[in-house]
Amino acid sequence: MTAISGHFSSAPVLPKWIAPVLLIAFAYGVVPLIGSSYLFEAILLPFLALSLAGVGLNILTGYAGQVSLGSAAFMAAGAFAAYNFNLRVEGLPLIGSIVLAGFVAAAIGIVFGLPSLRLKGFYLAVSTLAAQFFVQWALTKFSWFSNDSASGVIDAPRLSIAGFALDGAVGRYLFALTIVAIVTFLAYRLVSSQTGRNFIAIRDNETAARIIGIPVLKTKLLAFAISSFIIGVAGVIWAFAYLRTVEPDGFDLDRSFQILFIIIIGGLASIRGAFFGAALIVVFPLALSRLGGLLLGDVFDSGVLDMSQRIVLGALIILFLILEPDGLVALWDRIRRRLLFAWQST
Amino acid sequence: MIADFDYQFFIEVLVGGLLSGVMYSLVAIGFVLIYKTSGVLNFAQGALLLFAALTFVSLVERGVPFALALVVTFAIMVAIGIAIERTVLRPLTNKPPITLFMATLGLSYIIEGAAQLIWGTQVHGLDLGIEDVPLEIGGVLISQFDIFAAVVAAGMVLLLSLFFRYTRIGLSFRAVADDQFAALAVGLRLPLIWATVWAAAGLVALVAGLLWGARLGVQFSLSLVVLKALPVLVLGGFDSILGAIVGGLLIGASEKLAEVYIGDYFGGGIESWFAYVVALVFLLIRPSGLFGQKLVERI
């Protein structure tokens, strides 16, 4: 786990904040002008939601070292909580619903994080599956959560921030982008704060962390709470901005694995890693279906596509674990250093 | 309330639960085999089970005789075991256990995808020639198929125990489980042992796959039986075959009883998470599980 230390290149690089600021300026200023509706609907919106979920899981798994297989449950909790706050609390602005939904997800995260106080490793990973199955069951079983709609489907409300209505693909993109940018910034501040260091200390050596006075139990629960909060907000974006209609089954175990894969492929203990991983996870099925259709024609129907996606995804995971355990982030940093070096030596 | 408690019905539910617990144990044993010798929680066990059952059924449907199909499927499972050792485990030697776990997660995606890409996604019926008619024993109705499954499971546990205790390769399995470095130092060949273990896990997957397949039909959801086996493992300890059996029985029985007696208060369908809650509550009291090694914490 060397990814935390990031890059220590000797090149006189620009200040660290330049790249993200430029990126965000580009995302706000240029992308809405040049993007097609396909780009927003099929790529950017799922990318933003999954990236944020990846950031959330990375705080728990990458930084605090607690493996969770129940991320989709917290996404579902966030989405359904936001829906209900928005529906049932008169006059609450949408942002208020989203923040409250985050707190609901955090509370559920604390409850299902309790086993982490006594369990470690595989035992903990398996016990987080309880969250996955329980939440999915509860949302399907009790129709109150979905306002008595058939099979638990919920429809998203109109999106607006501070009175500005955000309609259409571009509006929803801006809505998602704003939330993701703010939460990611806060997450970045968090992991470089005392609390973030505490997480890393607990991950690396729990006994040592205890000796230097870190309240281990409280910090673990805090990691579960913060992670679940972020994943919950990501669930709201997934439901409200991307899909617009969701049902509990959309947040199944496969989704949890998908988020876990995002942080493995992107890079554990790296905020940027979640974005790299999410980009690959979103783009690769689309690319594979294009490529398959091009090469194999009619043989490549949706069934075959589905299966080959599974195979390639599984192979990718194993390849990354073997060849690049620190993920795409490490790969990216290496390439960038090479380029800088080549540029300097000319 | 207590007076009109139907004891016969209670026993029927209990026995049914215990027997379905045996089915969970069957899956769990495959996990234990691999965990004992390589410290890996092999999430791909369910995918192996699906692959074995699907291959067997497809062979039989293409007119291959029952026994031959069994042999061929087993040979394929051995080949898969060896391939996994070569391509996945060997490059990941000495990596943290959680990395290996994630690799098996990827592996399960590959095997599931491949199984269905090769044999198709439709549901296959599987007839093992055992009729699923209830037998009446002492006034209690018990499914004949369940009894058969229990006998098979018992036979397999006996076989594995004998194998681990009395054969040379079985002993070397235990040596590797105790201490990999010491085992390497005395000249045991780790790759060979791992490949054998994975082949053995493939055999367990085949047996479990056939029994589960006969019960549920051979289809994708078969690979989801791992999710039933995981709480069993948490309860029994990842490294104890006995624990897998007892854990399976406990989970099976409590799940059925809960479904029948308190399920209605929750609106039904609680079997998706009830086993996990049982396992968690148990672990909060006794973190090492039923028979697992005392040390759950790894510091």
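Just so you know, the numbers here start at 1 and follow the chain as drawn.
Including glycine, each Cβ sits where the backbone N, Cα and C put it.
Curation does not apply to TrEMBL; its annotations are automatic.
Annotated transmembrane segment per TrEMBL: A:17-36 (among others), in sequence order.
Taking Cβ pairs closer than 8 Å, the transmembrane segment (A:42-60) reaches residues 31, 35, 66, 68, 71, 74-75, 169, 172-173, 176-177, 179-180, 183-184, 187, 190-191, 199, 223-224, 226-235, 237-238, 241-242, 258-260, 262-263, 266, 268-271, 273-275, 277-279, 281-283, 286 in its own chain, all 6 or more past its ends. Sequence annotations record features per position, and here TrEMBL assigns transmembrane segment to A:42-60 (among others).
Annotation source TrEMBL lists transmembrane segment at A:67-85 (among others). Outside the transmembrane segment (A:67-85), and at least 6 residues removed from its termini, the chain residues within Cβ reach (under 8 Å) are 53, 56-57, 60-61, 92, 96-98, 100-102, 104-105, 108-109, 112, 121, 124-126, 128-132, 134-136, 139, 145-147, 154, 156-157, 227-228, 231-236, 238-240, 246, 248, 250-257, 259-260.
According to TrEMBL, the transmembrane segment annotation covers A:91-114 (among others).
Annotation source TrEMBL lists transmembrane segment at A:121-139 (among others). The list of residues near the transmembrane segment (A:121-139) in space but at least 6 beyond its ends in sequence, with Cβ under 8 angstroms from a Cβ of it, reads 66-70, 72-74, 76-77, 80, 108, 112, 115, 145-146, 152, 248-249, 251-253, 256.
The transmembrane segment annotation in TrEMBL covers A:173-191 (among others). Counting residues 6+ beyond its ends, the transmembrane segment (A:173-191) has Cβ neighbours under 8 Å at 24, 27-28, 31-32, 35, 40, 44-45, 48-49, 51-52, 55-56, 59, 63, 98, 159, 161, 166, 199, 226, 230, 233, 236-237, 240-242, 271 in the same chain.
For the transmembrane segment (A:221-243), the residues of the chain that approach it from at least six positions outside its boundaries are 45-46, 48-53, 55-57, 59-60, 63-64, 66, 68, 71, 74-79, 81-83, 98, 101-110, 112-114, 116-117, 154, 156-157, 159, 172-173, 175-176, 179-180, 183, 187, 190, 195, 199, 202, 250-251, 259, judged by C-beta separation under 8 angstroms. The transmembrane segment annotation in TrEMBL covers A:221-243 (among others).
Residues annotated as transmembrane segment in TrEMBL: A:255-271 (among others). Beyond its flanks by at least six residues, the transmembrane segment (A:255-271) meets 1, 3-4, 6, 50-51, 53-55, 57-58, 61-63, 68-73, 75, 132, 184, 187-188, 191, 200, 231, 277-278, 280-281, 313, 316-317, 320-321, 326-330 of its own chain at Cβ-Cβ distances under 8 Å.
What TrEMBL lists as transmembrane segment is A:278-299 (among others). Using a Cβ-Cβ cut-off under 8 Å and counting only residues 6 or more beyond its ends in the same chain, the transmembrane segment (A:278-299) has close neighbours at 42-43, 46-47, 50-51, 54, 258, 261-262, 265-266, 305, 308-309, 312-313, 316, 328.
Taken from TrEMBL, the feature transmembrane segment covers A:311-332 (among others).
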